[in-house]
Amino acid sequence: MIPVVALVGRPNVGKSTLFNRLTRTRDALVADFPGLTRDRKYGRAEVNGHEFIIIDTGGIDGTENGVETHMAEQSLMAIEEADIVLFLVDARDGLLPADEAIARHLRSRDKATFLVANKTDGIDAEVAVGDFYSLGMGEVHPIAASHGRGVTQLIEDALVPFIPQEAPAPVLSEEEENAAYWAELEAEADGEAQEEEEAFDPINQPIKIAIVGRPNVGKSTLTNRILGEDRVVVYDMPGTTRDSIYIPMERDEREYVLIDTAGVRKRGKVTDTVEKFSVIKTLQAIEDANVVLLVIDARQGISDQDLSLLGFILNSGRSLVVVVNKWDGLSLEVKEQVKDMLDLRLGFVDFARIHFISALHGSGVGNLFESIQEAYESATRRVSTAMLTRIMTMAQDDHQPPMVRGRRVKLKYAHAGGYNPPIVVIHGNQVKDLPDSYKRYLMNYFRRSLNVMGTPIRIQFKEGDNPFANKRNTLTPNQMRKRKRLLSHLKKTK
C-alpha cells in the first residue's frame, strides 16, 4: 500500500513550501477538501520512482492550549493517518517553546518521526541545528525546501521501510560472470521476457473496483445494492490498517473485488447515518483499484471537491466510470440541466461512460458492469508494435506534424510502453517540440483507432538521438599505421 507522509510544525517553518516542491514532482496537488478540516491539504508525490501520499497540516501555535486544540483538530488526525511524520523546525529561528511542545506530543505517538531543520541555506547548518538535538527526536535532517537541497535524501531515508529491499548480488568468479552474461543474452534472444509479458492474462485476474465520492452521495447504498443483487457476499477481508474493506464477489462468472471506503460491512447492518469519509482511505483505494466508480449526487451537482477527486483518479491513471446517483424523482427539466452541467464540467473526460442510476431503488445499477468490463479490457489490452506504428503513420498521413524551427517533425515508429493505463511511446526527430494541440490530436487518433473507452491513454515522446553524438573519432591501430605512412609519403613528395 502506498505510504502516507504528514508534515507538522509551527507556522512559517516551510511545510507548504516542502509540500509544493514534492507534489510538483508529479504535478498532482489534490488541493483542499472543503468540509473536512480547513487547513489540511492532500497530495500525491513521487521521488526517484517511489510514490507516496503527503499531507500538509496547518501550523500549530506556541501556547500549550493552542497545541492541544489544533493538534486534536487537524494535526493529530493527520499524524494518526500517516505512516511517517516529518516534524519541521526553522533553523534560522532556532529552538522555540512551541517546537518543544510539539515534540512532547510526537514522542507520545508510536509513529516513525523525522526531525527536519528547514531554511539551512546560507547559514552554517551544523551550528544551526545543534540546539534541536535536545528535543530527543534523534538525528536532525537539514534541508532547504525552497531550493530543494536535502529533500530527496530526506524522503529516501524516510521511505526505507516501505521500499522492497533487493537481495545482494552473489559474488561471482570471472568465469561465472562471463557465463551469466552470455546466458542473459541468450534469454533475450529467445524472447523470454516477451513470453512472460504475454503470459499475463487479465481475464483471469479479479477486477478491483473502488467506489469513491463525497459524503452522502450514496456510496454505501450503491455498495450494498451491488452486493444485495448478487447475493454473493462471502466474507469481509481487511484490506489496510485504515479499514478499507475488500469484498470479493462474483457476477456472470466473472470475479470482482469491491474496495469499500464507505464503512459498509455486511448486508443487514446498513444504517442511514452519515457515511464516514476519509481522504486517505479514498486515495489509497484509488491507487489499488483497476476501475474507479466516481459517484456524484445529481441533486447537488458537481463540486470542486468532485473535480479534485477526479484529478487524482486521472493522475493515478486509473480507469473511470462516472455514476450520477439519485436520478429518480428529478423532473425532465432538472435532468436536462444536470446533463448540460456534466457536458460543461466533465468535457475533459469524454472517454468515460456516464451512468444515471438510483442506488436506492436499483435502477441502472446492473448496467454499470458492462462499462466496468469495457474500461478494464481497454486498460489491459495488449497491442503490437506493428499495429501502433501503423496507426501512427495513418495519423501522420491524415494530418502532417507542424514545422519546428524550419524543419518538419518526423515520427518514426511507436510501441507500447505500459498498460493500465495504456502508454504509447513514439520515437522520432524533434518530437518533444510538438505543440500540445498535435499531441492531443495523436492521443485522440490512437483512442479512436484502438476503440479505447473508460481509461486515460498516455503518449510519451522520445527523441531519435544521434548515436555518434559526443563521440570522438578514434582510429584503430591499423588506421594509425596507414595515417603515419601517408604523412611520411606526403613529406617526401614536398
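Placement of Cβ uses the backbone N, Cα and C atoms for every residue, glycine included.
Not measured: the values here are computed from a predicted model.
For reference, Swiss-Prot has these:
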- 3-166: domain 'EngA-type G 1' (DOMAIN)
- 9-16, 56-60, 118-121: GTP 1 binding site (BINDING)
- 207-380: domain 'EngA-type G 2' (DOMAIN)
- 213-220, 260-264, 325-328: GTP 2 binding site (BINDING)
- 381-465: domain 'KH-like' (DOMAIN)
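Here Thr57 (GTP 1 binding site) is positioned 27 angstrom away from Lys219 (GTP 2 binding site), judged by their C-alpha atoms. Around the Cβ of Ile60 (GTP 1 binding site), 25 further Cβ atoms fall within 10 Å across all displayed protein chains. Between the CA atoms of Ile60 (GTP 1 binding site) and Gly213 (GTP 2 binding site) there is a gap of 30 Å. Of all Cβ atoms in the shown protein chains, 20 besides its own fall within 10 Å of the Cβ of Trp327 (GTP 2 binding site). The predicted model assigns the domain 'EngA-type G 1' (3-166) a mean pLDDT of 80. Of the recorded residues, Thr57 (GTP 1 binding site) and Gly213 (GTP 2 binding site) place their C-alpha atoms 22 Å from one another. Cα distances from Thr120 (GTP 1 binding site) to the binding-site residues Gly213, Asn216, Trp327 are smallest for Gly213. In the structure shown, the C-beta of Thr57 has more C-beta neighbours within 10 angstroms than that of any other entry among the binding-site residues Asn12, Thr57, Asn216. Checking each of the binding-site residues (Gly213, Asn216, Trp327) against Asn12 (GTP 1 binding site), the C-alpha distance stays within 10 Å for none of them. It is 28 Å from the Cα atom of Lys15 (GTP 1 binding site) to that of Gly213 (GTP 2 binding site). Each residue in the domain 'KH-like' (381-465) gets a DSSP state, and the totals come to 32 helix, 26 strand, 27 coil. Remark: Gly9 (GTP 1 binding site) has Lys15, Gly59, Ile60, Phe87, Leu88, Val89, Asp99, Ile102 as non-local neighbours, by Cβ distance under 8 Å and separation of at least 6 in sequence.
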